[in-house]
Each structure stands twice: as C-alpha cells, then as structure tokens.
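What follows is a single structure, written as structure tokens, with notes after it.
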Amino acid sequence: VHLTPEEKNAVTTLWGKVNVDEVGGEALGRLLVVYPWTQRFFDSFGDLSSPAAVMGNPKVKAHGKKVLGAFSDGLNHLDNLKGTFAQLSELHCDKLHVDPENFKLLGNVLVCVLAHHFGKEFTPQVQAAYQKVVAGVANALAHKYH
C-alpha cells in the first residue's frame, strides 16, 4: 500500500489509541449482523441467532481480537502486505474457503467502527488513509486465491 508520510502517520497515530479487543469484536460482530451470510464460516461459534446474540458472543469477540491482531501486524508491514498475510490468505482460501469479497466487507465495517469510536478525530483524511489500508489488506488476503 502506498501511503504518503502524512497518511502513514495518521493511520499509526490513530491505531495507537485503538482498543483491539473492543474494536475487533465489534467489527466482526457488525460484519456478521449486517452480512448474515458470513455467519456460515462461524458454525462453531454457538448462538448467532440475533444481533444481540452476535454482539455478545464471546467467540465472536475473541476472533475479532485475533483478526485485529493480524491487522495490527499488517500496519507494521505496509510495504509487504502480501508477504505478511500470505499464510492467512492460504488458510482462508484452501482450508476455510472464505469468499475473498468478505475481506473487503470486513475492511469497510472496520472503517465504520473506527469512525464510530473516534468521532471528529476520524477526519476525512484519516478515513481516506484507512480505506487505502483496508483495501490493501483485503487484496493481500485474496492474493492466494486462484
């Protein structure tokens, strides 16, 4: 992902304030609520029968934290996202058979959750930088698909 120095600074500065546990669970939960067909990848997570059940589900929260941990790692390797996410791309493609379009959906949901959490601090410039990053991460995660 090509970011200007200003964009990179905006992304890393805001990310330093992100509560990965909270935002990860909320982002994954919102994905599962807004795009219910994505729930099929999470059969083992138990009750996903309502928005309240999804948002309160400890397995959703735990996996959301894990997802955002990987995203954090990607922020440290913006110049090599494909390499950083190669194993996760392979896993999601070959073993889990996740539609790569879902990575874009999750990225967009993450941007919405960040905007919700940070309000005025999430300026149009910060949003534009994050849109570049989530698009780059989605592209890297889709890289191993054939």
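Just so it is clear, glycine is given a Cβ too, placed from its N, Cα and C backbone atoms.
Features of the protein shown, as given by Swiss-Prot:
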- H63, H92: heme b binding site (BINDING)
- 2-146: domain 'Globin' (DOMAIN)
- V1: N-acetylvaline (MOD_RES)
- T12: phosphothreonine (MOD_RES)
- S44: phosphoserine (MOD_RES)
- K59: N6-acetyllysine (MOD_RES)
- K82: N6-acetyllysine (MOD_RES)
- C93: S-nitrosocysteine (MOD_RES)
- K144: N6-acetyllysine (MOD_RES)
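Everything Swiss-Prot records as a feature, shown here on the structure.
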residue	record	CB count, 10 Å
V1	N-acetylvaline	21
T12	phosphothreonine	14
S44	phosphoserine	6
K59	N6-acetyllysine	15
H63	heme b binding site	19
K82	N6-acetyllysine	15
C93	S-nitrosocysteine	17
Round to a whole number and give the Cα-to-Cα distance in Å for the pair the residue listed as 'S-nitrosocysteine' and the residue listed as 'N-acetylvaline'.
22
Which one is closest to the residue listed as 'phosphothreonine' in space, judged by CA to CA distance, out of the recorded positions K59, H63, K82?
K82
What average pLDDT does the predicted model assign to the domain 'Globin' (2-146)?
90
Of the recorded positions listed as S44, K59, H63, K82, the one whose CA lies nearest the CA of V1 (N-acetylvaline):
K82
Per DSSP, three-state class assigned to the residue listed as 'N-acetylvaline'
coil
DSSP three-state assignment (helix, strand or coil) for K82 (N6-acetyllysine):
helix
Considering only the recorded positions K59, H63, K82, which residue has the minimal Cα-Cα separation from the residue listed as 'phosphoserine'?
K59
